[in-house]
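Single-structure report; data block below.
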């Protein structure tokens, strides 16, 4: 194995990807498998570089002294020869062959200079890691700074030939084929694609979340236990936290018929997903530059599901069967998610390195099994993670709420559901329909772009979402709560405020990502970053750093208020949601700090509050 040349903490000169410029960097780590150095630039940007792209400072300074000492003499000699008015006649008389050679050399010099100038300009424009400046879309000029030492040296080398550039602009000395080739070579799109590929070259996940191997091992058992505990508590007459429910017999938790119904439900959603309806869009670029295609038809699947449920009710199918066997359905979903997680991990062992998840490639079995080893597992064009993210669990949540509504009417002999149940069903139906209507927006979330598909997402999508998110409706069946119309109106107002913040913040972010030059966004300000992306500092994202999380928490509170204040159990979702979003916010903060460097620190100074204004 080759020995490493540079030590951790050593200050060296690193070549900026896609350019010929070297900048001062500090070595932070070295990967023995890929033989890549992780280096940190002065602006906080971290990249993985090959050893051939790193040089010691002594060798760089030696090259700089040589170039600076030789260039002025050549320039002074060139100027003295061109200006000398008193040359002897012998020097002006040349043979025809010498004259032709002189013209050819001059033409060659013009061509080389003209090719170097655009490269120098483009490199200095796109690849100088300097501080990012706040600017407007309406063309407000950025603050200018002095170029780095490398840019100055290269500029000095090319300065004598600046006058030749005007000659080239007047007389085309290159073919159109060469011009086209040069434009393709130095296009902005290819340069940024190269940088992005190099940034994602690390092979192993170094920073472990959720408590590492021990934490993820415990979560595999703790999450199912939490779901079953909550469901058993809702069944009790007194669902106090200190009143631990009696454990049911194991044989009562499993029923083959229930598992068969769950499989039928899953396959029905697969069928709706595969229908050739809805538009096909591309996701964000992967580490290899490719873009996966996704069919956007979640809302159609919801409509077809509603029609199927309507047909079942027309033929007097008892949908409250879900309520009577709720625990068995939860167990069936948990078993299925575990089997799916095992399949996902086994198939990920044969996946190419470029298809593995950045956050689930630690090399530890338990951790990778929990977080997800493969980023986008697919069977042909069928994307397993994308399908489970919105279809079976999210649509199933609405079906479960409807079943609870019908069960409440049957158990309490009501001609119509209670006002509390109507509010819970309506609020959560709006949330699900909004997610399916804006299905394309999920392609830019961390779940799709960063997290692998393992036990965490499989259990969360298929068990946690439908069976925990429907906790308020399940609670109201056994613990009816009467509220007045004025109270209902106030709760509705709270939900509308939360939904407005949630939807407008997400729409603002998605529109900005899609088309930052949209005239509708001209009033927004942002901080530019070394990655080419911008960080909004006005609008909702200038109010707090995660306004969508704020809207989520307000809506979660509105979903729990119809259950009253007799027990804290219906508010478990609010407590869980706050903890979840605080964890996600901390993960986002760490990820953005690594990705955007100094620009993220400037953003945090401009927007100090994370989720709750003036509080947190």
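Glycine is no exception: its Cβ is also placed from the backbone N, Cα and C atoms.
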If you check TrEMBL, which stretch out of 187-209, 210-232, 348-370 is marked transmembrane segment?
210-232
Where TrEMBL places transmembrane segment among the ranges 483-502, 503-522:
483-502
Within-chain partners of the transmembrane segment (210-232) [C-beta distance under 8 Å, separation at least 6 from its ends]:
245, 247-248, 326-327, 330-331, 334, 364, 366-367, 369-371, 455-456, 459, 463-464, 467-468, 471, 474, 569, 572
Same-chain residues near the transmembrane segment (327-346), Cβ under 8 Å, at least 6 residues beyond its ends:
224, 227-228, 231-232, 248, 252-255, 258-259, 261-263, 266, 368-369, 372-374, 377, 384, 453-455, 458-459, 461-463, 466-467
Same-chain residues at least 6 beyond the ends of the transmembrane segment (296-315) whose Cβ lies under 8 Å from its Cβ atoms:
268-269, 272-273, 275, 277-281, 390-391, 395, 398-399, 402, 432-433, 435-437, 439-440
